[in-house]
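Undergrad: The structure is given below, and queries will be raised subsequently.
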Amino acid sequence: MMNYARDNDYCESADGQIGSSDSNEVSEMGHKKELEQVFSTATAFDLESEDTQKELDRIYRKLDRRIIPPLWILYFLTSFGSSAYGVALTMNMDKGHSLSQTLNLSAHQLSVASALYYVGYIVFDVPINLVMTKVAPHAWLSRIVISVGVVYACYAALNNAGGVIAIRLISGICGAGTWPGLAYYVSLWYPAHRTARRIGYYFTAAQVSAATAGLFSAAFQTIDGNRGLKGFQWFFLVYGVFTVTLGVSLLWWLPGRPSEFNDLYDESHKIDQLAKTSVLKSLLNGTFSKHPLSPLEQQLHAADMSQRYLNVAWTLKDLLRVFMDIRIWPLVIMYFGVVGTGYGIVVAGTSIIKSTNESLTPIQLSLLFCPIWVCDLLAILAITPLSDRYKNRPLFFCASTVVIIVGMVVNTYAPGSWPRYVGLLITGLGLGPTVPICMTWAAEIFMPKYQDVGVAATSALVSGLGNLGSVVTTYALYKGWSDDVDRGFKYSNMTVVGILGASIIAALLLGYTERRRLRGQQ
């Protein structure tokens, strides 16, 4: 049996063509013919052979090395802002230099600011993600990162509550389209049954950003007052400059959509089509971002992704059809519960920990905040590959959500501060896989029927409306429910448990209806 993934079988030249050294020319030519035979078979839609599947596995691993690292950094940078804002509210609190103390922010003002952040995020999520279907997706994602960096750098200049409320709204608008945009971008390069693992890979960035925000805040608290700036001001300035710089680099790092490089994905599977690009397009692709695959690899990739590119054009009528599909609403409810819980922990995590032990210092709170997201990360790495392998999305989603509920109950009712803290760690374990599974399931359901607009609109609508859960947990619960602080956030936690129960019911109903629909098609 031929092994097409052997490193010594062939190599790529600088221009992406399959080539060889002079000493290996004969064997390389033979291997190239073998590859062409596999690709020819794949082009005829015989993608089930063992050799073809091995070659596809190798191709997607190659794409992983090129695509996942920049997506991870992109999501890390855009997620870091919310975590930074949350910890900035308590940085150097013992000196009276936290963001909330410096600007004398009330609980109501903080709740309004948090709510407006999500209003901006939700309102602009769908239109911004639909724009991405019409422009270069890597450039649009780069634009989002740069905008986020500029806005968060401005947090260092805040001097009143009105400014906080306004800039939180602007932050939401600038960050809109990030999560659904990433899901849409992944769908351009990977088939639906391979996406949960990839979404899980870069989704870990949110957990790492939440953890490192606490670590970095501990470091910046040590330079509080340096050059007349408070610790949180240094924090936002450095973060903003770093984010803008890396945002610009994404133009060179991320490839565009596959069809931007050639006509292979739109018209035929002939390698000769690779030459039919305009001089300007070739110049731009060579300057900013080259295709990560060789021509022969592109051919097999195009065959495997053929269903994804049957219809990339869409109209307003197509968009309305997506919105009227009732299957989208269980996904919204699922996302509502788990994302609301996650953001509630992000924004109020240090306050929840402090409610269990009032003697903890701000630096200790920041350090204890980190392990929650380490647990979250570990669960993503362990569970999302299993979800892709067994393709039972409702089972893995519901099981993970049950773990969240167990964690919230332990955090609420366990005796002693450390057992209650363990409850937060359990919550982190459950949170990790839920969002990647939810977004992958949405793509699997809507891509076959609605194609490009289905992926873009569904991911944006599920993300946008689902983020109302974040508004509920930050505005109505936790930070917005001042009387619940003295109760150790007991009522907030139990309200979240009820919402998570609704998410489980929605997942079970959607799983049942999808099984019936698929049986009816057989």
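Glycine residues also receive a Cβ, built from the backbone N, Cα and C atoms like all the rest.
As annotated in TrEMBL:
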TRANSMEM  67-88  transmembrane segment
TRANSMEM  108-128  transmembrane segment
TRANSMEM  140-158  transmembrane segment
TRANSMEM  164-187  transmembrane segment
TRANSMEM  199-220  transmembrane segment
TRANSMEM  232-254  transmembrane segment
TRANSMEM  328-353  transmembrane segment
DOMAIN    330-522  domain 'Major facilitator superfamily (MFS) profile'
TRANSMEM  365-383  transmembrane segment
TRANSMEM  395-414  transmembrane segment
TRANSMEM  420-443  transmembrane segment
TRANSMEM  455-478  transmembrane segment
TRANSMEM  490-512  transmembrane segment
Undergrad: Is it the case that the transmembrane segment (395-414) and the transmembrane segment (490-512) touch, counting contact as three or more CB pairs under 8 Å in which the residues of each pair are 6 or more positions apart?
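TA: They do touch: at least three Cβ pairs between the two stretches lie under 8 Å.
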Undergrad: If we call contact 3 or more Cβ pairs under 8 Å (sequence gap 6 or more), are the transmembrane segment (67-88) and the transmembrane segment (455-478) touching?
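TA: They are not in contact.
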Undergrad: When you check the transmembrane segment (232-254) against the transmembrane segment (199-220), do you get at least 3 Cβ pairs under 8 Å, counting only pairs 6 or more apart in sequence?
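TA: Counting Cβ pairs under 8 Å, at least 3, so yes.
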Undergrad: If we call contact 3 or more Cβ pairs under 8 Å (sequence gap 6 or more), are the transmembrane segment (365-383) and the transmembrane segment (199-220) touching?
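TA: Since 3 or more Cβ pairs under 8 Å link them, the transmembrane segment (365-383) and the transmembrane segment (199-220) do come into contact.
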Undergrad: With Cβ-Cβ distances below 8 Å as the criterion, list the same-chain residues six or more beyond the ends of the transmembrane segment (455-478) that contact it, or say none.
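TA: Residues packing against the transmembrane segment (455-478) from afar: 111-112, 114-115, 118-119, 121-123, 125-126, 128-130, 132-133, 176-177, 179-180, 183-184, 187, 319, 322-323, 328, 331-332, 334-341, 343-344, 347-348, 351-352, 438-439, 442-443, 445-447, 484, 489, 491-492, 495-496, 499.
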Undergrad: Using Cβ atoms only, state whether the transmembrane segment (199-220) and the transmembrane segment (420-443) have three or more pairs under 8 Å that are 6 or more apart in sequence.
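TA: These two stretches do touch.
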Undergrad: I'm a bit unsure how to read this: which one of 108-128, 140-158, 328-353, 420-443 has the highest number of Cβ pairs shorter than 8 Å with the transmembrane segment (490-512)?
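TA: Per the Cβ under 8 Å count, 328-353.
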Undergrad: Quickly jot the same-chain residues contacting the transmembrane segment (328-353) by Cβ under 8 Å, restricted to those at least six beyond its ends, or write none.
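TA: For the transmembrane segment (328-353), the sequence-distant neighbours (Cβ-Cβ under 8 Å, at least 6 residues beyond its ends) are 82-83, 85-87, 90, 114, 210, 214, 322, 360, 365-366, 368-369, 372, 397, 401, 404, 408, 411, 421, 424, 427-428, 431, 434-435, 438, 441-442, 445-446, 458, 461-463, 465-470, 472-474, 477-479, 485, 488-489, 492, 496, 499-500, 502-503, 506-507, 509-510.
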